[in-house]
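Pulled from TrEMBL, these are the features on record:
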ACT_SITE  336  active site, proton donor
DOMAIN    31-269  domain 'Orn/DAP/Arg decarboxylase 2 N-terminal'
MOD_RES   48  N6-(pyridoxal phosphate)lysine
Ligand SMILES: *Cc1c(COP(=O)(O)O)cnc(C)c1O
């Protein structure tokens, strides 16, 4: 992979017409280590966030030993990057053939569930493989209520009374049991974990069975941009969220249990930026060579403002406007699909024009993992970049990234 000090250097050297992902292994390593140091338990990276071999290998070198996986494709990706890694199969609804593959081929011994039919499925295969249920830990996934940009408890999780029943059922069969929840991605309310822990506490007391662990899932927010016209939403930084979580774990007396977290976004978001090209400017609209069917679907919900930096093409000698004047531009994606328009604008100098590049920052999470081949577009070019996105100068049109909260 070619390496450049900054994305601007890469853009001006390569003059790319296709989107280019800028990978920052040092940032990934630092963010993984920061999380591991702050969380009082095991860190299991959620592979779905970004399962590229370069990411899994870098995390492996950074000291991540445990991975949260959900499919045969993810089992294989982790095994290829780190043959002795531990995998937690935390998808509550699994195909029988995948459960068998996990137990038999990959030696996975931790799974989650939220329904008695899943217990029956797992037990059938455990018996068929002649495994001791006591060698397997089943985490009962608890429903949570909270506020996250991506609310997942609507889809998975047992209500508290049901979770009590499931814990007792699994314990009676002879499985080790644990409790887990996943509050959704990019939490927007710092009390989210507190509420989930209160519910987990209630379930633990009612179930009255020995617990082998508590898994607090993911959801830890990454840093994005914001609309410069509006007041910045107050959200505590990672250090404060972690400090509160640690205090809540102690208060609810979960701190004597083995703890696990499954962060994805907060570890990998800053590790990539994306260079896109303006294929056409039409008034206040920019048509770019990426979009919601490739790297930018995560921003489509309208909950995230991606930070953007202007990389003007030096070959363009005539420009209109004042480069210090930052304006909102509507961004249209590469495909012919009329829904392929970003729901939030990019904030850029009003001089931006056809042929210029834009570096979109903090795009490592839920971007390349969600690429499709729709309409024949499939961005797949990578360079390495050594300077963090947020270390760049604001003067270039670094328009919408919030200042670091901590
Ligand atoms: C997606 C997912 C995660 C990772 O969530 P982030 O918000 O990216 O940290 C963790 N656990 C489970 C079960 C998930 O589905």
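Cβ from N, Cα, C; glycine included.
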Count of other CB atoms lying within 10 Å of the CB belonging to residue 336 (active site, proton donor): 9
Cα-Cα distance linking residue 48 (N6-(pyridoxal phosphate)lysine) and residue 336 (active site, proton donor), given in Å to the nearest integer: 27
Here the 10 Å Cβ neighbour count for residue 48 (N6-(pyridoxal phosphate)lysine) comes out at 20
What three-state class does DSSP give the residue listed as 'N6-(pyridoxal phosphate)lysine'? helix
DSSP says the residue listed as 'active site, proton donor', in three-state terms, is coil
